[in-house]
Structures are given as structure tokens and as C-alpha cells.
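Asks: The structure that follows is given in the form of C-alpha cells.
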Amino acid sequence: MEDGTGRSRYVDLLRAGAIVLVVLGHWLITALVREPDGALTAPELMVTVPWTQWLTLGFQIMPVFFLAGGYAAAGSWERCRAGGGTAAGWIRGRALRLLLPTAAYLVPTLGGLAVAGACGADPALLGMVGWALAMQFWFLPVYLAISALTPWLAALHRHWGLGSVAVLAAAGAGVDLLVLGADTGWADRVGLLNYLLVWAVAYQLGLAWREGGPTARPAFAAALTAGGVAGYAALVGFGPFPVSLVLVSGEGVSNTDPPSLAMLAWLAAQCGLCLLLAPHAERALRARRRAGRLVEPLGRVSMSLYLWHMVPVLAAGAAFYLTDLAPEPEVGSAPWWAWRPVWVLLLAALLGGLLVVLRPVDGLLLRLARRLRPQARTAGPGRAVVLLAGLAAAGWALARWAVLGLARDGAPDLPVLLAFAAGTALVAGAAGRWAGAGAADRPAGAGVQPDGAVEQVG
């Protein structure tokens, strides 16, 4: 399924397509309303227009991203081992692909929020803006943690095969049933484990997919798809689970906070469908090389696309809604839906311009990541401890921002910022030394893999 470079265009397409769908989903559900007093508010579309919750079955596409990420990570880790690299060096390289672009995103956003606060901006407005700028952060600590577990997840697959997927799924189901049956604070805290367990099911399926075996058989993929759809329908129709696969205010049970048994079922359906389509999609991409090559430019900006996609929403809101230039039909009405395509095209144009501006930054970050080289064959427990501490600090900060936003109470939270900065520095420092000009030409096991920009996220 892979080409001569060890990459699969279909897997790259899945990851890039998942990012695009996430962005489009966020843009489509964003509803801005200017109140009589001039304040700009953002009513929740899926509360105002409940039928839109069904759209999440298509737009909640993160299972596909974790599936493709697991596939790509399996190949990257295999190349690292073959080149004599260490788990610590590989984990550090993958972590930097998330942390460095995120740091570059935080510098202007946190700086802008701090300046606005110093100039007397409304703290409530800054809190809303800060939340919008960090709403996508939930994914980062989860993916950071699962990526860090890849060497051990790969070992589980080598020993247990698809049994490792079943164990993770059973553990996730057990945790969710425990949370549903116990109305206590400790049960809710235990439920947070499902951020790792449920999403790791898709990731582990990706690891298994690259190895072939049962995952390559149409019968397995079809059974996984049908079973997932049937399970989701039964859990929603007869169980306590809502239709929506994203968080909706006022719901007693959420399918995503943390991921539920219903999310696990839909994850199986999505992953099964991707496996079922794989041979046909690969043939189509090989036959239409130009179409396959279109994935590459999208992959090069995937991390920037994910991180920065809410900035155009805020810019357009300030430029058009606060100045009476944008139409303001009732949210959910026919005129409002007619305005959606124009709104999305406007945001796409703004984001496209922003990505052009960010291109030199992306290049600089990629060069920086390549120049950070671990001492692959001399990594000791000390460096592993430093790496673990850095991952924990940065992951905690990202999770905190995802929940509270970048400007809780109208100002950036300095302790959280310091934790992220210290964590990123520790991860980078675990490299041991700076590489010379030929870093990009070293063996694949010696740190960050120069294997394509889509790998920035995956």
C-alpha cells in the first residue's frame, strides 16, 4: 500500500481530509450574533437547532485521524528501530512536531490577549476569544500521550495482534459503564482515562492495519463497519447516549467528554469503512497521480491549518459583525443557512492568506526540529526522565487551556504558560545536542524523521 518512500497516499489523504473536515465543521457551527447593546455573542448552534446534532456523524472525524496516525507511526517507529534509534529519541521527535508549532501559535495569540487586556478590553469578551483560540487544543495532549506510548503499543500488537485492540476497547467500555453507574467525583476522574483508551483503539487499529493480516480482509472491515453502526444505533436508540458526537450544553451524558461507548461504536464504524475503501482508494490514487499529489501541499500546512483555523473566525467577526457589514438573519433560518457558504469561503480566503504568511515560520520550525538531534545510542534513564517530565508539563498546560481557554478571567494564565514553556524546553533539551548542517541526512533512527510535512501532526 506504500510507495517507494514508505508512505501511503491514502493514509495521507485520510489525515489531511480529517483536518479539513474538522475545520469546516467548526466554521459551519460558528454562529455570531450582535446583541442590542453591541456585544458579540456566539450561541450554540446544536442547542438552538437540535437537528444539526446529526451532522456530527460526518464531521466528528477524529477516529479516522487516529487510525491514520497509528498507521504512519508504525512505519516511522519501525524505521527508527531499524536505524538503531531509541524510544526516547523517537518520542521526542514526534512530540516536537506538535509542541514547536503550538509554541509559535501561542506567542502572537497570548501576546495579543495580554495587550488587549492591558488596554482595558472587556474581560468576558477576552475570555470568550481565549476559549475560541484554544477549543482545538483538546486533541494535542491526547495525541501527545498516545504517540509517546507507540513503542509499547507496537509491542502489544506484536504479541497479541488484534487482541490488543480488543483489550483497549473492553477497557474503554468498562470505564464508561463505571462512569454511568456511579454518580461520584472519583468516577468522573476515572472516566478521563477514556480520552486515552477510546482514541487509542483507533490508533492501535492503525498499527495493526500497517501490518496487514485480518485488517486487510474485506470481510473484517465490513463486519467492523456494520457492527459499529448497529452498536451506535442501539446505544443511542435504547441507551442513555445522545445523538451528538461532540459536546452539547445541557446534555446529561456526553459522547466526547470523555469519549463514550457510543463514540467507541461509531469509531469502529468509521475505521471499518476506511479499511474497506483502502484498496480501491489506493488504486485510484495510483492511477491518478495528479490527484494523489494534491494531498502533499495540504499535508505541509496541516498543523498550521488545525491550530490557526479559528483566527479567521475572530477576525471576520470583528470586521464584519461589529461594523454592520455582515447580514444577521436568525440563527438556523433559511437565510442564515444561505449565508453559510459565503461565510465559509470568506474564512477559507482569510486562512489561506494567513497560511502564506506563516509559510516561513513553518519552514523554520521544521529546520529547528531536524537540528535537534538526540544521542540515539547513549540515551540513558536521566534523559528519559527529563523527556517524561517535559511531556507531562506541556500536556497538562495544553489540557488546561483546552478546558479554560487562553484567557481565563480576561488574562493569560501565567503558571500554565510557564508549565508549557518549561515542558517544551525539557522535551527539546532531552535531545542532548544540536545537530550540524547535515542533520537531515542522518539515519532514520536518529531523531526526527524528515518524512513529509503531514507528519507534523501524525
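In case you wondered, yes, glycine gets a Cβ from its N, Cα and C as well.
As listed in TrEMBL for this protein:
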DOMAIN    10-355  domain 'Acyltransferase 3'
TRANSMEM  12-33  transmembrane segment
TRANSMEM  53-74  transmembrane segment
TRANSMEM  95-116  transmembrane segment
TRANSMEM  128-153  transmembrane segment
TRANSMEM  160-180  transmembrane segment
TRANSMEM  192-209  transmembrane segment
TRANSMEM  221-241  transmembrane segment
TRANSMEM  261-280  transmembrane segment
TRANSMEM  301-322  transmembrane segment
TRANSMEM  342-361  transmembrane segment
TRANSMEM  382-402  transmembrane segment
TRANSMEM  414-432  transmembrane segment
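Describe the structural surroundings of these features, if you would.
Replies: Restricting the average to the domain 'Acyltransferase 3' (10-355) gives a pLDDT of 91.
Distant neighbours of the transmembrane segment (12-33): 40-46, 48, 52, 55-56, 58-62, 64-65, 67-69, 72, 135-136, 274, 281, 285, 292, 295-296, 298-299, 302, 305-306, 309-310, 313, 317, 321, 326, 328, 331, 336, 340, 343-344, 347, 351, 452, 454, 457-458; these residues of the same chain sit at least 6 beyond its ends, with a Cβ under 8 Å from one of its Cβ atoms.
Counting same-chain residues at least six beyond the ends of the transmembrane segment (53-74), those with a Cβ under 8 angstroms from any Cβ of the stretch are 7-8, 11-12, 14-15, 17-19, 21-22, 24-25, 28, 46, 94, 139, 143, 146-147, 150, 153-154, 199-200, 202-207, 209-211, 242-246, 248, 256, 263, 266-267, 270-271, 274, 454-455, 457-458.
Long-range contacts of the transmembrane segment (160-180) within the same chain, counting only residues at least 6 positions beyond its ends with a Cβ under 8 Å from a Cβ of the stretch, are 153, 187-188, 190-191, 193-194, 197-198, 200-201, 204-205, 208, 213-215, 240, 253, 258-261, 264, 268.
Sequence-distant contacts of the transmembrane segment (192-209) (same chain, at least 6 residues past either end, Cβ-Cβ under 8 Å): 62-64, 66-74, 142-143, 145-146, 149-150, 153-154, 156-157, 161-162, 164-165, 168-169, 171-172, 175-176, 215-216, 258-260, 263-264, 267-268, 271, 275, 278.
Tertiary proximity for the transmembrane segment (221-241) is limited to same-chain residues at least six positions away from its ends with a CB under 8 Å from its CB atoms, namely 180, 215, 252-253, 255, 260-262, 264-273, 275-276, 278.
Cβ atoms under 8 Å from those of the transmembrane segment (261-280) belong to residues 1, 10, 14, 57, 60-61, 63-64, 67-68, 169, 172-173, 176-177, 198, 201-202, 205, 209, 215-216, 218, 220-229, 231-232, 235-236, 239, 241-242, 245, 255 of the same chain, restricted to positions at least 6 beyond its ends.
With a cut-off of 8 Å between Cβ atoms, the residues of this chain six or more beyond the transmembrane segment (301-322) that come close are 15-16, 19-20, 22-23, 26-27, 30, 32, 34, 38, 40, 97-98, 101-102, 105, 109, 129, 132-133, 135-136, 139, 328, 343, 346-347, 350-351, 354-355, 358-359, 362, 453-454, 456-457.
Listed by sequence, the residues of this chain that lie at least six past the ends of the transmembrane segment (382-402) yet keep a Cβ under 8 A from its Cβ atoms are 88, 91-92, 95, 99, 102, 134-135, 137-138, 140-141, 144-145, 148, 374-375, 413, 416-417, 419-420, 422-430, 432.
Taking Cβ pairs closer than 8 Å, the transmembrane segment (414-432) reaches residues 88-89, 92, 95-96, 99-100, 103, 106, 110, 372-375, 378-379, 383-384, 386-387, 389-398, 400-401, 447 in its own chain, all 6 or more past its ends.
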Asks: What else in the chain is close to the transmembrane segment (128-153), if you only count residues 6 or more beyond its ends and a Cβ gap under 8 Å?
Replies: 22, 26, 42, 62, 66, 69-70, 73-74, 77, 87, 90-91, 94-95, 98-99, 102, 109, 113, 164, 195-196, 199-200, 203-204, 207, 306-307, 309-311, 313-314, 391, 394-396, 398-399, 401-402, 404-408, 412, 457
